[in-house]
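**Q** Following this message is one structure expressed as structure tokens.
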Amino acid sequence: MEAAAGGVDDMTKLSYLHEPGVLQNLATRYELNEIYTYTGNILIAVNPFQRLQHLYDSHMMQQYKGAPFGELSPHVFAVADVAYRAMIHEGRSNSILVSGESGAGKTETTKMLMQYLAYLGGRAATEGRTVEQQVLESNPVLEAFGNAKTVRNNNSSRFGKFVEIQFDKHGRISGAAVRTYLLERSRVCQISDPERNYHCFYLLCAAPQEELDKYKLENPRTYHYLNKSNCYDLVGVSDAREYLATRRAMDIVGISTQEQDAIFRVVAAILHIGNIEFAKGKEVDSSVLKDDKSKFHLETAAELLMCDPGAFTDALCKRVMVTPEEVIKRSLDPYSATISRDGFAKTIYSRLFDW
């Protein structure tokens with residue numbers, strides 16, 4: 001059959017299923033803001049790089065609830081609905097795989113899937129936090145600590161995740177679990193222009209003044225781990241508002257105020273750690289803190305991490321080797337101490353994210 005003027009909604013209907021035909025069909029539909037297209041039971045999404053709110057409102061959810069697959073226009077809700085109904089009718093777990101290159105829209109698509117499943121499996125409003133609220137609010141928390149601006153995407157996930165949503169026999173959400181994989185640890189210490197480090201660092205630097213005083217933080221431009229790039233702000237995004245939104249999401253997810261304080265103490269400590277510099281010591285291949293500024297950042301980081309400043313200095317400036325007979329301490333030169341500093345920062349951020 002010949003392709004319709006507006007393209008076809010299922011590419012198995014194309015007369016010639018080859019690359020030019022597929023690309024032309026996707027482009028034609030994209031021009032009409034039809035960002036979804038089927039290829040059999042596979043849904044292809046083309047990132048519109050704009051908010052299409054009418055596509056994801058409650059009216060649209062009602063339309064797709066229980067509708068036979070393919071009866072309505074291609075949509076991520078249709079895929080979620082098929083998986084949900086198969087789970088209910090067959091009593092078996094179902095999986096939805098969201099794949100694509102950086103900037104393709106995987107994170108937003110996953111959020112829409114979770115939003116629709118929360119709509120289908122939601123319970124009547126009750127006092128306190130509902131499970132579906134907690135499921136949805138886990139997204140901004142994970143994004144704050146696992147997403148960053150890249151060249152192609154202002155909110156790029158720098159990790160993989162497996163989201164498991166559990167339902168009871170009545171189809172209501174009963175629990176959820178999120179497993180994360182392969183966090184890009186190197187970003188903590190190395191960023192290139194015009195990218196940014198993880199969002200949480202900038203959010204904390206935009207926190208209310210009493211928070212900044214508590215963590216002894218200043219403008220993000222003063223921190224080595226952030227000022228390797230000239231990008232500090234995102235267009236249309238207020239880091240101050242996002243910080244408060246992240247704290248609210250943490251409340252809903254069930255992270256206590258004390259735990260939140262501990263989390264942001266670690267984030268602040270990492271920024272201070274990045275500003276610790278080393279100079280040559282009196283002994284050969286040894287290092288010492290470069291100046292009073294480095295001493296301030298080390299002591300502040302030690303205070304935030306609740307450890308002894310002297311032991312912290314030794315940990316950065318010396319390497320400890322344990323043998324069956326003895327413990328050997330070897331001094332590190334300034335370059336090696338810097339490598340040790342960055343390795344420590346990456347490790348504690350990775351441990352924080354895994355927690």
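Even glycines carry a Cβ here, placed using N, Cα and C.
TrEMBL lists 6-355 with the feature domain 'Myosin motor'. Among the features that TrEMBL reports, ATP binding site is placed at Gly100, Glu101, Ser102, Gly103, Ala104, Gly105, Lys106, Thr107.
I'm curious about the neighbourhood of these features; can you describe it?
**A** Gly100 (ATP binding site) falls outside any helix or strand according to DSSP and counts as coil. The Cβ of Gly100 (ATP binding site) lies under 8 Å from the Cβ of Ala45, Lys106, each on the same chain and at least six residues away in sequence.
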**Q** Under 8 Å Cβ to Cβ from Gly105 (ATP binding site), same chain, six or more residues apart: give me those in sequence order, or none if nothing qualifies.
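**A** Looking at Cβ-Cβ distances below 8 Å from Gly105 (ATP binding site), excluding near sequence neighbours, one finds Ala45, Asn47.
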**Q** Using a 10 Å radius around its CB, how many other CB atoms surround Glu101 (ATP binding site)?
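**A** For Glu101 (ATP binding site), the 10 Å Cβ neighbour count is 8.
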**Q** Among Ser102, Thr107, the binding-site residues in question, whose Cβ has the most other Cβ atoms within 10 Å in this structure?
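**A** Ranked by Cβ atoms within 10 Å, first place goes to Thr107.
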